[in-house]
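Worksheet: the structure to be examined is printed underneath.
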Amino acid sequence: MMDDDTELRTDGNSLLKAVWLGRLRLTRLLLEGGAYINESNDKGETALMVACITKHVDQQSISKSKMVKYLLDNRADPNIQDKSGKTALIHACIRRAGGEVVSLLLENGADPSLEDRTGASALVYAINADDKDALKHLLDACKAKGKEVIIITTDKSSSGTKTTKQYLNVPPSPKVEDRHSPPLCASPSDIELKALGLDSPLTEKEDDFFSLQAGHPSSCNTSKAVNEPGSPTRKVSNLKRARLPQLKRLQSEPWGLIAPSVLAASTRQDETHGASTDNEVIKSISDISFPKRGPLSRTNSIDSKDPTLFHTVTEQVLKIPVSSAPASWKAAYEKGQAPHPRLARRGTLPVDQEKCGMGPSGPSALKEPASLKWLENDLYDLDIQPGPDPPNSISLESGKGPLDRKKLNSSHLSLFHGSRESLDTVPSTSPSSARRRPPHLLERRGSGTLLLDRISHTRPGFLPPLNVNLNPPIPDIRSSSKPSCSLASGLKSMVPVAPSSPKRVDLRSKKKLLRRHSMQIEQMKQLSDFEEIMT
């Protein structure tokens, strides 16, 4: 800031000195003589700034407003800042130059928003100087430029503390006593969410949606789970919380309501209960769907130590030698041949394969119609009559009587065995007739794979009745040298084969009905083709 020492202020600048003394004629002569109007001293102060700062008054000096007006008319820049960042407008507000000087500066382009190095603008300095005229001109200038001015002043209350007041279109801050103190620290479990139901009144306040409960939340969760229409998962969780032991709640830690170990134990109990419930449901379903069966002599019927017993049908077909039979009948015939030994119990699997041939006969063996009525009795007679077993089959247990065997032979199994044994007498002199299907072969039936022996489960099929001769000679176990019959071999490929028995000759002449567990589409087509050939 300049002082009264003109020599120090002007630094030999005649223009600044003439302005400082308020000599209008001298200033005009200097400017007309070529002096630079925006020239500054070592502090960066220009002639316009000096005119706003000076307070020198004598008989030859003029007023500040006239000097400022003359300098502005000669294109003095009002927005030049000195080294401290202050403009001529800021200096006029600090020195309280008056409203007229401020108005002249604003009319000639002075910017009231420019700030100095401390971040204060002309508005701040006008407020601090308590110059109401200058402040009024500044506010009018800001509004004219479309700027909204907010003035913030500090005041001291009666207690000596500073308070803040706001003006100009800004709502005042609420008083301290009007502010609601925040509620006590609450955990998420303390907050009860209520949905507006259909039966609730329309005049219910919004404050009721979120309510804080002062007591322990775990003690009332059971009642909330019963009353509110929440989701099933939420009800289960609330009931689980109700069953847990009450823990002491700390004032400093409102969130630790339940220990993790208690939650883990409760979760394990719920899982065990859920698993037991599932087991009960499965057990009840199994009791309804699956009837109990009689006792079996061997429980693990599929446990075989010989892995070679289970061959696929394709492997068996590849082992059959080539014969003179036609290709179409031969492939299906070779696929359907297999030996079937007598089994002592249902649920057992033969270990060795039976090797026996087919006796000679003609196509006239299929002449008599079959009947479903006598099949069950025939199978029962086969099981109870004593006689030698096939060479490589499992023998009957000697300790079991006829009544025990009757229990083990159910009606739905006898239908299948009767239909299979009734076809053992169909002749074939082809060299491939010496090999028949082993009992352990698997065949696709319906939607699953079943064993083609007495452990397989059968249902009455829908095959048309065929004519069968029930009095053929005993099958010869040696290979036959007679020429093969294409018709008989074709019949064997389309009809399932039953296990052979040496007691077949002693059976009474009865009508047999050929049955199959289930039929595939290809086999049904072959049967229809065979019926056309027979007709």
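In case you wondered, yes, glycine gets a Cβ from its N, Cα and C as well.
As recorded in Swiss-Prot:
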REPEAT    10-39  repeat 'ANK 1'
REPEAT    84-114  repeat 'ANK 3'
COMPBIAS  216-225  compositional bias 'Polar residues'
MOD_RES   Ser301  phosphoserine
MOD_RES   Ser447  phosphoserine
Notebook entry, point to check: DSSP helix, strand and coil counts for the repeat 'ANK 1' (10-39)?
Noted result: 18 helix, 0 strand, 12 coil
Checklist line | For the repeat 'ANK 3' (84-114), mean pLDDT (0 to 100) | finding: 93
Notebook entry, point to check: Helix, strand, coil residue numbers for the repeat 'ANK 3' (84-114) per DSSP?
Noted result: 16 helix, 0 strand, 15 coil
